[in-house]
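Quick look at what Swiss-Prot lists:
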MOD_RES   14  N6,N6,N6-trimethyllysine
BINDING   123, 173, 177, 295, 327, 379  substrate binding site
ACT_SITE  175  active site, proton acceptor
BINDING   201, 203, 204  Mg(2+) binding site
MOD_RES   201  N6-carboxylysine
ACT_SITE  294  active site, proton acceptor
SITE      334  site 'Transition state stabilizer'
């Protein structure tokens, strides 16, 4: 090893401040299969060299501090330090670059997303030498991912539980999201499920407010589920939001949901926290509950291109922490999401092995080994005219969730659900017959309108609705 990067006790203690790059920039380093690898988009302050900025990120997110300390001599920092092992420019950006950092596995507690994030993104993002910093991607080695349970059940087990195959699942978020009484809320759930949906959903901020306490909502929703199941012969569910102010209260709500015999509960995993989410995921596996995950607050973290954390990192974290569904954008609706980038992290959620593909924002090959997959949920500003595109983009292993696109139907909730189910079945049949939904999708919907008045009414009311804005999240 070069003397410039030597940090063992034999060197002796020399007080003072030295450049991070002397210790933490190691371009000759060969990454190990057990290393956790990170790709950071770094924007240094003027005058800070890329090598120093990249090394500072590696140092401050692992063993380093701002000055040399004598206790460095009590351990082998070469074993534990993060290393900036490569730097590459960002096309079209003179002041930005990608710094690749390798972290030894021993830096992280097994089975703890909380500890992983506390180390890698917990402190370094406030570092003064950097104008901005964004974590673009992580490579989680099998040696670490195998310490996590992961999703409570996964895609195949969910399909077996629901006895539903060969198509996306259909959902609906009950609106208005706040203000309904528990009984009226349950009525809306029943009407949507009776009309043909597989799931209905609590909105992310429905917890236990004065107008509708959680226990009342759970009871009326369970009644709606059982009534709809009896009338349709299909298994139904409602995402009962167990998110609460304390972990103990969250678990109380999940336990009550299990006692009611419902199939699925819900958690806001970012506002609720990874420790709470992992605890709930373990309970759900042990007790046969599916777990729907909402990503409320994600855009605070991932919306800006130069600072924060890309959603693909949050998606990987969720797969480790545990969830059977997670919201993933729509590409075509009202919420942010560019197609190639979105499909990149959708594959990271669903597939076992994902190759590095920079055209889709995937910086590292990811091998999940045997960890179950997560169903991506497309939700936000979508309606029946979007059904062909959603079916083509997301494929069968997804949940397509229409809130206003169900409850906004001019004839009511049940006809809105009928319209969505008919549109989905028509698109799946057309695809299975070999038709190109990307090119013929509108024609498929128009043909289905001829024998479904509910779909025809929905198509008429939403024919002019579009959400066309420039996408922020580009490569």
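Cβ coordinates are placed from backbone N, Cα and C, and glycine is handled just like the others.
Annotated features, which come from Swiss-Prot, shown on the structure.
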residue : record                       : contacts (Cβ under 8 Å, 6+ apart)
123     : substrate binding site       : 60, 61
173     : substrate binding site       : 200, 201, 202, 203, 379, 401, 403
175     : active site, proton acceptor : 203, 403, 404, 407, 408
177     : substrate binding site       : 203, 205, 206
204     : Mg(2+) binding site          : 241, 243, 268, 271, 294, 296
295     : substrate binding site       : 268, 269, 270, 311, 314, 318, 326, 327
Cβ-based isolation winner (fewest other Cβ atoms within 10 Å) among the recorded positions 203, 294, 327, 379: 203
Span of the substrate site, taken as the largest CA to CA distance across 123, 173, 177, 295, 327, 379 (Å, rounded to a whole number): 36
Where residue 123 (substrate binding site) sits in the secondary structure, as DSSP reduces it to three classes: coil
